[in-house]
Amino acid sequence: MAKNTSCGVQLRIRGKVQGVGFRPFVWQLAQQLNLHGDVCNDGDGVEVRLREDPETFLVQLYQHCPPLARIDSVEREPFIWSQLPTEFTIRQSTGGTMNTQIVPDAATCPACLAEMNTPGERRYRYPFINCTHCGPRFTIIRAMPYDRPFTVMAAFPLCPACDKEYRDPLDRRFHAQPVACPECGPHLEWVSHGEHAEQEAALQAAIAQLKMGKIVAIKGIGGFHLACDARNSNAVATLRARKHRPAKPLAVMLPVADGLPDAARQLLTTPAAPIVLVDKKYVPELCDDIAPDLNEVGVMLPANPLQHLLLQELQCPLVMTSGNLSGKPPAISNEQALADLQGIADGFLIHNRDIVQRMDDSVVRESGEMLRRSRGYVPDALALPPGFKNVPPVLCLGADLKNTFCLVRGEQAVLSQHLGDLSDDGIQMQWREALRLMQNIYDFTPQYVVHDAHPGYVSSQWAREMNLPTQTVLHHHAHAAACLAEHQWPLDGGDVIALTLDGIGMGENGALWGGECLRVNYRECEHLGGLPAVALPGGDLAAKQPWRNLLAQCLRFVPEWQNYSETASVQQQNWSVLARAIERGINAPLASSCGRFFDAVAAALGCAPATLSYEGEAACALEALAASCHGVTHPVTMPRVDNQLDLATFWQQWLNWQAPVNQRAWAFHDALAQGFAALMREQATMRGITTLVFSGGVIHNRLLRARLAHYLADFTLLFPQSLPAGDGGLSLGQGVIAAARWLAGEVQNG
């Protein structure tokens, strides 16, 4: 029984506690325990005020936390009631600086799915069903706190039945901000060549078109997809032709996860519901053109009610690729989709719930390795490593490709969704809108801006235009620091040896790096060695035409290169003009690029087209070719000369070794890993360092990663896992470097 006193307790709960049904959960728990007081949302999380002792309440709070919630901390302090409460209530949300976490969009929960499929339920076959445990979150928020008036759902006044659920603390839709039903909520429309249908008729029109082998644009949670029957080779070929996407792999949505490996099924059925890369053998019904020349395919399960309704009726795999023109950002509005995709889609399945934030599908490997972090994961906050405290607000702009930006403040960082290539005007507009919204949501005003060392980057130009103090960070230092931060390497953890492998990034003194061994801590980066610098004939064209890189390698390392059949792809080109340009240094900058080295080897083995249709195409084909070989004894090495890998020796041995192409592809990966491992071991041993870090886009190569781990098994190895190894994680690395320098007094608090 409560004491007759005005003394109580105030609990400050921080973590992922808004938009997850946390207040109704607290209310219900208080009712069960006969507690008196109140609960509310504010900018700092959830505040609970109790009249009674909170011990039992706290135990059950942790034990029965809602499925989408996460409690990071609970602080308690005495509270004096001006008037003792006689019940437990939910107070109106308040504002304040946003230190709480916003919840990512979540896949349809089992309860809503069952309700949607039950005849007689008022939301039977309703494609926008949701509750506190599932549905859109980040993609519908316009401002904080997370209440319906601050979301796109403000346009849909609740009907009496939904309003009753929304206000009933015992209902799972209590304070579920996206709650809706057929009477008061969003509805479907079908648009196709003058045809128009609504609601169930719209759904059936789309299903009929898909069964006929047509292409349908479908509005989802964070953007549009282009869909077609993934078994129908003609439909897939038509989609590729119309979208100008000849070879880039297409993601596929499966009706069920039957037959997939357990690890893949577990990832597919999480609330994040990402695309998961699995071996093609697990989905034999797909046509050959889904992921040509690769041994993996990206699969996903329905993640929203509309997708469930489609797949339940079709019972076949659907291509679900991003709804955009090639090289352009995916559409998020009906008007944009109808304009951009009219030459691709045969019909449009749209709805009238706006999308505030574009959110692409996240992509992970079966192992859990993150390749693209977006829907379902963003904007989950990331804890900064031990030692990072009271960091001032820092805006980190990332790289120009696979861009994300990062907000750093206090002891947390928030990484944006994948935004893409900043050279595109449409993506620049979406980037600015995403930043504006994130700053609004988190009440974030940066005190300084961090950008990449490349002065020509769009992001570097933006940093200079922001009229704030700026800090420059080397590209590969940021790669290494991002991996350190992911693994919670302490601020005072000391030095590590890092291997950063990618296409190119700006290094010291304007050098172009891409295959580097570094001594790194959060504040410092020392170059120790790596690949030798080789010309990039034609500049940016070298990233699109692998044969150019083979020519550059041959001119540098293979005197008699024209005698080898492996150079046929070069000899078919007008190579002599390029050779003179390289000799004179005309549009042929030097770069120690691991990505371009992969392209050269792929060209030599004939597994790369003359001109690539997507980034990484040659390297992915080379990895797939190598993966078909399960290891081989070979004579190929990359010894070290002055801390650089000796590529002249590699090419001489490799070109003169006669073996099947898959064995030669495997030997390249193995020799490269062995060469880098020996360099890292030598540099670490002489400094007494036992921890090695790996990052950069090339580290996504599973075979290279495995061979590096094999040769360095006696060290502590840190590989990226929950953040992308490539540029998608770069902005976090920029953030922790900037924060470490500020905490050390090297940067003035602007």
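Sequential numbering from 1, following the chain as shown.
Placed from the backbone N, Cα and C atoms, the Cβ positions cover glycine too.
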Message: Of the ranges 159-184, 523-548, 549-574, which one does Swiss-Prot flag as zinc finger?
response: 159-184
Statement: When Swiss-Prot is consulted, the range among 5-30, 109-134, 239-264, 265-290 described as zinc finger turns out to be 109-134
Field: For the domain 'Acylphosphatase-like' (8-92), residues assigned helix / strand / coil by DSSP
entry: 20 helix, 35 strand, 30 coil
Field: Whole-number mean of pLDDT values that fall within the domain 'YrdC-like' (200-376)
entry: 97
- request: List the residues of the same chain that sit at least 6 positions away from Gly19 (substrate binding site) in sequence and have their Cβ under 8 Å from its Cβ, in sequence order, or write 'none'.
  value: Leu68, Ile102, Val103, Arg137, Tyr146, Gln177
- line: Within 8 Å of the Cβ centroid of Gly19, Val20, Gly21, Phe22, Arg23, the other same-chain residues by Cβ around the recorded substrate site are Val17, Gln18, Pro24, Phe25, Pro66, Leu68, Ala69, Val103, Thr132, His175
